[in-house]
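Q: Sharing the feature lines straight out of Swiss-Prot:
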{"type": "SIGNAL", "residues": "1-25", "note": "signal peptide"}
{"type": "DOMAIN", "residues": "26-172", "note": "domain 'FAS1 1'"}
{"type": "CARBOHYD", "residues": "ASN27", "note": "N-linked glycosylation site"}
{"type": "CARBOHYD", "residues": "ASN128", "note": "N-linked glycosylation site"}
{"type": "CARBOHYD", "residues": "ASN162", "note": "N-linked glycosylation site"}
{"type": "DOMAIN", "residues": "187-327", "note": "domain 'FAS1 2'"}
{"type": "CARBOHYD", "residues": "ASN190", "note": "N-linked glycosylation site"}
{"type": "CARBOHYD", "residues": "ASN244", "note": "N-linked glycosylation site"}
{"type": "REGION", "residues": "336-397", "note": "region 'Disordered'"}
{"type": "COMPBIAS", "residues": "340-374", "note": "compositional bias 'Pro residues'"}
{"type": "COMPBIAS", "residues": "386-397", "note": "compositional bias 'Polar residues'"}
Amino acid sequence: MATSRAFTLFAFTLSLLTVASTVSGHNITQILSDTPEYSSFNNYLSQTKLADEINSRTTITVLVLNNGAMSSLAGKHPLSVVKNALSLLVLLDYYDPLKLHQLSKGTTLTTTLYQTTGHALGNLGFVNVTDLKGGKVGFGSAAPGSKLDSSYTKSVKQIPYNISVLEINAPIIAPGILTAPAPSSAGVSNITGLLEKAGCKTFANLLVSSGVIKTFESTVEKGLTVFAPSDEAFKARGVPDLTNLTQAEVVSLLEYHALAEYKPKGSLKTNKDAISTLATNGAGKYDLTTSTSGDEVILHTGVGPSRLADTVVDETPVVIFTVDNVLLPAELFGKSSSPAPAPEPVSAPTPTPAKSPSPVEAPSPTAASPPAPPVDESSPEGAPSDSPTSSENSNAKNAAFHVNAPALFTALVTIAATSLLL
């Protein structure tokens with residue numbers, strides 16, 4: 001009997017471990033890699049870095065296009081426009097085939113990734129999902145007067161309450177999304193103008209006076225990421241006097257604030273390795289590492305951290321961020337010294353209590369609850385981004401299940417063990 005209970009408990013625990021690992025994360029590139037008919041869609045997710053953004057989020061639905069539908073979209077438009085169109089196919093809520101046919105009132109508006117980019121005007125970043133007659137489900141722009149030009153065709157993959165991948169027969173086209181002007185070389189390469197407008201005039205002036213702006217501009221076509229300190233960041237305590245640096249050191253410092261690749265926020269959130277900068281060379285690493293705190297991205301130099309504050313521009317293949325601290329490379333300013341460990345407290349000898357003649361019996365005090373242990377308020381590294389805005393009629397239970405999966409798993413194991421061993 002005991003052996004049977006132990007085996008049952010083992011099987012139950014194993015099944016829960018499977019569930020726990022299932023809800024822990026997803027990789028859209030791997031999900032689509034086994035299906036050749038989505039190879040073009042998958043390739044564009046990687047080129048535009050939307051794959052990283054999708055992987056950094058939870059409770060999400062991706063509406064995929066087969067190669068035929070994708071060619072009609074990608075063949076006629078630049079990469080920046082394709083990215084906007086594809087971001088409209090990423091719904092910030094979980095929709096599986098069952099939920100599509102159980103919409104309250106048969107229709108709903110749901111938020112998409114496009115709405116979070118800042119490019120969507122009004123409600124152009126929302127999608128209309130409608131359960132049609134005959135078991136069909138239509139998708140269209142939420143803009144007034146828009147038609148349901150796209151239809152659900154089949155399910156591709158579901159990781160319950162985490163990610164759902166559904167195929168649709170045509171892209172969802174919001175008014176103006178395909179006619180949006182591609183970033184011109186003059187517009188994007190006017191980096192100093194963008195920086196000055198964003199409150200980074202000191203940084204912009206240094207780029208011009210040092211000649212590093214030419215390095216930035218020559219990198220634009222292949223990809224460029226800039227971390228621009230604000231004017232206030234240069235006035236902060238601890239920022240070294242740049243006049244004490246050699247010209248070569250100033251150049252290295254400024255180049256340390258840029259990457260020779262397009263790396264938007266979603267890519268930085270999922271990054272695990274050291275990142276090479278424009279200053280990286282054989283003589284020194286000059287690299288950066290990243291961590292996350294909720295939806296925030298923090299850059300680490302070895303000297304001190306700096307938080308991504310705002311996005312100045314994100315137009316494939318160029319992204320410019322403002323940061324709240326000047327990035328100080330350890331190669332120039334040395335690594336931050338770790339605080340010395342606190343000395344161990346010296347134990348005082350325990351005094352021997354004096355013997356009392358006869359103890360007086362005191363009334364039993366009311367038992368008090370022990371104080372709760374201190375709670376670490378800092379988010380763990382790699383913590384998931386903040387939950388996206390739920391669409392109308394979204395399933396709150398689904399979101400709760402995903403977020404609380406570890407706690408639920410622990411509780412279920414405890415209950416199962418107790419019931420089986422009694």
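Each Cβ is built from the backbone N, Cα and C atoms, and glycine gets one as well.
Distances, neighbours, how buried they are, the whole picture for these features please.
A: Cβ environment of ASN27 (N-linked glycosylation site): ASN55 lie under 8 Å away, each six or more residues apart in the same chain. DSSP assigns ASN27 (N-linked glycosylation site) to coil in the three-state reduction, outside any helix or strand.
For ASN128 (N-linked glycosylation site), the same-chain residues that are 6 or more apart in sequence and have a Cβ closer than 8 Å to its Cβ are THR107, THR108, LEU109, GLY138, PHE139, GLY140, SER141, ALA142, SER146, LEU148.
ASN162 (N-linked glycosylation site) counts 20 other C-beta atoms within 10 Å of its own C-beta, drawing on all protein chains shown.
Cβ-based neighbour count (10 Å, all protein chains) for ASN190 (N-linked glycosylation site) stands at 14.
Counting only same-chain residues six or more apart in sequence, none has a Cβ lying under 8 angstroms from the Cβ of ASN244 (N-linked glycosylation site). The DSSP secondary structure for ASN244 (N-linked glycosylation site) is helix.
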Q: Rounded to a whole number, how many Å is the Cα of ASN162 (N-linked glycosylation site) away from the Cα of ASN190 (N-linked glycosylation site)?
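A: Answer for this pair: 40 Å between alpha carbons.
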